[in-house]
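A short write-up of the structure that comes next.
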Amino acid sequence: MEAAGPRTLDVRTHALVTVALVYLGLPVLLLAVYLHTPVVWAAAVLLVVALVFAASSRHSPDRSETPRGSISLRWSQVAAIVVLALALATVGGAAGIVDPPWDWNKHNALLHDLTTMPWPVAYEGLANASLVYSFGLHLPAAAVGKVAGGSVVVAHAALLLWIALGFAVLLTLLSGFFDRGRRALWAAVVLVAFGGADLLGAVAVSGDAVPSEWWMMSDDVVLQYSGNVTALCWVPQHAIPSWLIGVLFVRAWPQGQWREGRALLFAVGLSALWSPFAAMGGAVLLGALLLRFAVQRVPLRWRSLWVEVCLGSAVLPVALFLSLTGGGQELSTTGIGVQGYVLFLAVEIGLWVVMALFAGRYRAALVPVLLVLLVLPFLRLGEYNDLAMRASLPALMALNVLAWVGAVRGTAPPNRPVGRIALTVVSIAAVALSVPTWSSEFDRVVGQPPAYEQPWDETVPAFLERLNSSPSIWAQYLVCPQGPAARLLALEACRGTVDAPAPGEPQP
């Protein structure tokens, strides 16, 4: 970054992308401290090497120079981005300044154990079972709390700032898609004003005008595409990496440079410790981008791919660590019918697709985005179908960016007055119909009494017991490490068998 004048700041886009990758990669580096084994330390060194050389034009696979593009922001816009990032992190529930959503029970328990217990976390009262989870969001904040003497309060404050930093990086990247002057405003609109027309869906399905993300839910079908505000409040660990992946994908699509593909590759690989679902959804977009590059015969220096080899080696311990997680459920189909399928897509993404059709040179990126969003409604994984909810987030952010690029910078026929008016009406309708759902998240800010406990001193086992969780849910957090992966990561074996209490039974 460099000062461009007394009232503006020029942010080099290439440097900003590097900051985003370092942000995603820091938890992977901290995993070496968490596990403190030679193999993981070696992987951390490789990751540092990969990040350093990925930022250098000398090691670009296509010999391209470091991009000279920059995002020029007035200092007032910089301040607005910082304030909005902090506000969104606060509204989302971080640090408990406002009553957080229910999912923060889990975040609180994870942060407590990672902060107060020795690394790697193991539970002596449960046969020395190990905590194995995708805690990339929590690890940096827990490290700060641990350095502060195991202070959970400090850890929560650090988590608030960590989440806000992710939002600030994302907002700055989003601002680069728009012309200077109002780019910070449009970035804010992109991040906040995206969601489905859930109110219409609820009326169509049940006849009740009650906005809910779960309007398409029955005994046979469990399906949701989350709006941005819902995702940032409930699941920032999924939202932040997914949104960075979606933005980097749209940036890379028209560039025709392997450097941009490399950035997306790094983001997908590093996101696994944050959210395996973000990595899965991002992998499809990455595959589409690489296929496009291959068809376009983008020049490639094969010997420069050693940086990618370093990245692959660096994230291998993450894959091994997450492979120990139990409680997996079988992939199945949702059982959605043709009528329900068409209604779901029309309600959730219909108007946004219309806007994205006018995204100019970015428009072709809509094809792989729609491929993801058209297929996921048929698949189900988990009781609440986390696959559709979470793996869709990268594609939804990409669609979101494409839609607003089309609305703000749209090409013909919107260049004609009638077309421009029609596109404006569609844009207003898309936002207006999404407001009833995501605005309800702000009810917590204006004093709605909390409907549930949010303790900061609760352990993960205590949290699972309070929820009357099934054994399959327990196995998603607590495992008995065994096999080659456990030995390679030097995780201690259990002393006996971990038997999760049945719902309603006391904890052993």
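The first residue you see is number 1, and the count goes up from there.
The backbone N, Cα and C atoms fix where each Cβ goes, and this holds for glycine too.
Here is what TrEMBL says about this protein:
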- 15-34: transmembrane segment (TRANSMEM)
- 40-57: transmembrane segment (TRANSMEM)
- 78-98: transmembrane segment (TRANSMEM)
- 159-178: transmembrane segment (TRANSMEM)
- 185-207: transmembrane segment (TRANSMEM)
- 263-293: transmembrane segment (TRANSMEM)
- 305-324: transmembrane segment (TRANSMEM)
- 336-358: transmembrane segment (TRANSMEM)
- 365-381: transmembrane segment (TRANSMEM)
- 387-406: transmembrane segment (TRANSMEM)
- 418-438: transmembrane segment (TRANSMEM)
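By the count of Cβ pairs under 8 Å, the stretch nearest in packing to the transmembrane segment (78-98) among 15-34, 159-178, 336-358, 365-381, 387-406 is 159-178.
Within the same chain, residues 80-81, 84, 88, 167, 170-172, 174-175, 177-178, 213, 215-216, 225-230, 243, 343-344, 347-352, 396, 400-401, 403-404, 408, 430-431, 433-438 sit at least 6 positions outside the transmembrane segment (185-207) and bring their C-beta atoms closer than 8 Å to a C-beta of that stretch. Counting only same-chain residues 6+ beyond the ends of the transmembrane segment (387-406), those with a CB under 8 A from a CB of the stretch are 174, 177-178, 186, 189-190, 194, 223-226, 228, 231, 235, 238-239, 242-243, 245-247, 249-250, 275, 277-278, 280-282, 284-285, 331, 334, 349, 352-353, 355-360, 362-363, 365-366, 368-370, 372-373, 376-377, 379-381, 414, 423, 427, 430. Looking at which of 159-178, 263-293, 418-438 has the most CB pairs under 8 Å to the transmembrane segment (40-57), the answer is the stretch 263-293. At the 8 Å Cβ threshold, with sequence separation of at least 6, the transmembrane segment (15-34) comes into contact with the transmembrane segment (305-324) through 3 or more pairs. For the transmembrane segment (336-358), the list of distant contacts is 194, 196-198, 200-201, 204-205, 215-216, 220-221, 223, 225, 366, 369-370, 373-374, 377-378, 396, 399-400, 402-407, 410-411, 414, 423, 426-427, 429-430, 433: same-chain residues at least six beyond its ends, Cβ to Cβ under 8 Å.
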